[in-house]
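J.: Below are the features I grabbed from TrEMBL:
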| type | residues | note |
| --- | --- | --- |
| DOMAIN | 94-236 | domain 'Fido' |
| BINDING | Asp176, Gly177, Asn178, Lys179, Arg180, Val181, Ala182, Arg183 | ATP binding site |
Amino acid sequence: MDPNNIITDICREITEKRAIIESDSDYGLRLTNRHNTALARIANVNSWWLEHPELRRRIYHNARSTRNVRRNLARATKVAEKCSEKAWSYLREHSPLDDNLNHRMLLDLAGIIEEENDRFRSVRATLGFAEYCPPNPLKIGTLLDETFETMNSIRHPVEAAIYLHLRIAGIQPFNDGNKRVARLLQNRYLYEKRLPPPSIAPSERGHYLDLLEHALSGYRDEIKLKMVPFYSYLGTKINTALDEIIDGNASVYNRNRTFLITQEMRLPRKRE
């Protein structure tokens, strides 16, 4: 199945908007990178929260006040930010992904996400989906090689990044942390292509997983139509982030250049 032209119209809009931003002398590449770095931090921290729904529910359930919720969310978010920054730093040191994505890099990244990930899984895995089951562990190496090769052949960076996300999540190379690894790789790939990553809010977890399940079964069965909603969901988030940058209303930093992680947590600016 040809993995190109799944969300052609969205990709065309994204390309046009990126060109507008990069041609604006008042905006500049440095500010573009700053915006995308901030958006990547938001996306990566939200990615951590997606894998810890019980913690979030517990914080709300045990809360005595709004202030108490904010304080406990802030504490947990500091942990999320520290872990995400360590993984992002590793990816920065091994960029670009086009040239450096391989088995060793995946294992190192997965080990940062979850310490027990020191090798590919050797047992059957499940995503808890009715429509899709991850492949036999004996096929992991071959499927990863095919994924890297195909990713580099996809013409538009948005479709290439989403494809990488989809395949890593579907192959489930590790015992734990697979979807976080998949989203981190997607976000880094987009960043390297001068594009903001999609940020999936914790409250969207159920919707995200539904779309992921249908896209995985669609890829397996070579039915592009089932993949479109997942691609559109993520592509639209990228497109919207570009709209905010162009409109000058991007909510990723305030007048004091303090980055925001949702409306619940503020984090200081860090380098790329």
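Backbone N, Cα and C atoms are what each Cβ position is placed from, and that goes for glycine too.
Any TrEMBL annotation is an automated prediction that lacks curation.
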J.: Which residue, out of the binding-site residues Lys179, Arg180, Arg183, shows the minimum number of other Cβ atoms inside 10 Å of its Cβ in this structure?
T.: Lys179
J.: Within its own chain, what residues at least 6 apart in sequence put their Cβ under 8 Å from the Cβ of Gly177 (ATP binding site), listed in sequence order?
T.: Glu51, Ala110, Ile113, Glu114, Asn117
J.: Over the domain 'Fido' (94-236), what is the model's average pLDDT?
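T.: Value for the domain 'Fido' (94-236), mean pLDDT as a whole number: 96.
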J.: Among all the protein chains here, how many other CB atoms are within 10 A of the CB of Val181 (ATP binding site)?
T.: 26
J.: Based on Cβ atoms within 10 Å, give me the single least packed residue among the binding-site residues Asp176, Asn178, Ala182.
T.: Asp176
J.: Would you list the other residues of this chain near ATP - those whose C-beta lies within 8 angstroms of the C-beta centroid of Asp176, Gly177, Asn178, Lys179, Arg180, Val181, Ala182, Arg183 - in sequence order?
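T.: Output for this site, in sequence order: Glu51, Ala110, Ile113, Ile168, Ala169, Phe174, Leu184.
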J.: What is the three-state DSSP composition of the domain 'Fido' (94-236), stated as helix, strand and coil residue counts?
T.: 95 helix, 0 strand, 48 coil
